[in-house]
Ligand SMILES: C[S@+](CC[C@H](N)C(=O)[O-])C[C@H]1O[C@@H](n2cnc3c(N)ncnc32)[C@H](O)[C@@H]1O
């Protein structure tokens, strides 16, 4: 069968898949050093492990059964474990877990088991912070349990965790609405004042040097040329990990962070996922190339100085590969001083060939959040 024939089968054209992910972060402390040191051991390749990284694989497998997804591959370095999942990614640090799942997975339902695992195996009995976010679904009616509706998800989280706050960010009657639930611990030391220019509490050494950033780029309406690159073409070789590595090269994804350890996967008949590790940071890329619901996401916690052009550079590199018709960017960053905050906001100002439709800044207790949405300019091509 020729590649074009494969690509244009009615099955490939009519398949639908809910690409937009549910993203959950549970932190038991701000840093690996902030959690109780219960024990550490050495795994086969002698890298030291502590906290959540001591949990055995079969325990995670059983937790992921609740979510309705499974592990495809695992890579690790000295700092974290990166699980590539049938529906996206999981990253395990000693002090936090990041679980991102798409399709009709039931992510929130796994929280009670996750908290139990942390307590049972790591003596992590107290949650420091939880973040849950997602973009609006394309097919909300296909979702299960609390995921059918944002209010249901909020109700579920509020029953499980204290001190939560829920936000609907962006145009709620458009297709790019973004939802966020986050909490703050009741006994988190208060910053000295609520002014946005205030430095974090100088007496609070736990938070003083605490730096964290998460950048997400959520893209829809990818160009047809792009979509084709994320289909499995049997004449090119195998799918799976081998196919993933081929896609990394031919799309340029390999060059976003050339020095990173990359674990990628090409699905049949289409679809792609990748986890990347760079020292104590990660990134992940997921692609749903079905023509009628195309979607790609990029997420990273690799530090980017807020100075001139840097977050913008990451955005430009990523959208050059996917050529989306529309995309939203979220940047969650530990609170900035006034000057850096201006740079942060400016970093999602203008993107070539796109018009910015939204830009919103939230100032939370420890974090700033910037959300922006862009749409490709129409060309006069007939
Ligand atoms: C898991 S991947 C990436 C999901 C990610 N959330 C995204 O950005 O779309 C989803 C893509 O892989 C395809 N796919 C093929 N086999 C799959 C499988 N067994 N499980 C999940 N997705 C599969 C889906 O149709 C979809 O195009």
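Cβ coordinates come from backbone N, Cα and C, glycine included.
Positions annotated as active site, schiff-base intermediate with substrate by TrEMBL: 88. As annotated by TrEMBL, active site, proton donor applies to 102. The active site, proton acceptor annotation in TrEMBL covers 273, 286. Residues or ranges marked as pyruvic acid (Ser) in TrEMBL: 88.
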Spatial separation of residue 273 (active site, proton acceptor) from residue 286 (active site, proton acceptor) - C-alpha basis, Å: 4
Inter-residue Cα distance where the pair is residue 102 (active site, proton donor) and the residue listed as 'active site, schiff-base intermediate with substrate', in Å: 6
Distance [Cα-Cα, Å, rounded] between residue 273 (active site, proton acceptor) and the residue listed as 'active site, proton donor': 11
Same-chain residues at least 6 apart in sequence whose Cβ lies under 8 Å from residue 102 (active site, proton donor): 17, 18, 19, 20, 21, 22, 87, 88, 286, 288
Cβ-Cβ neighbours of residue 88 (active site, schiff-base intermediate with substrate) (radius 10 Å): 26
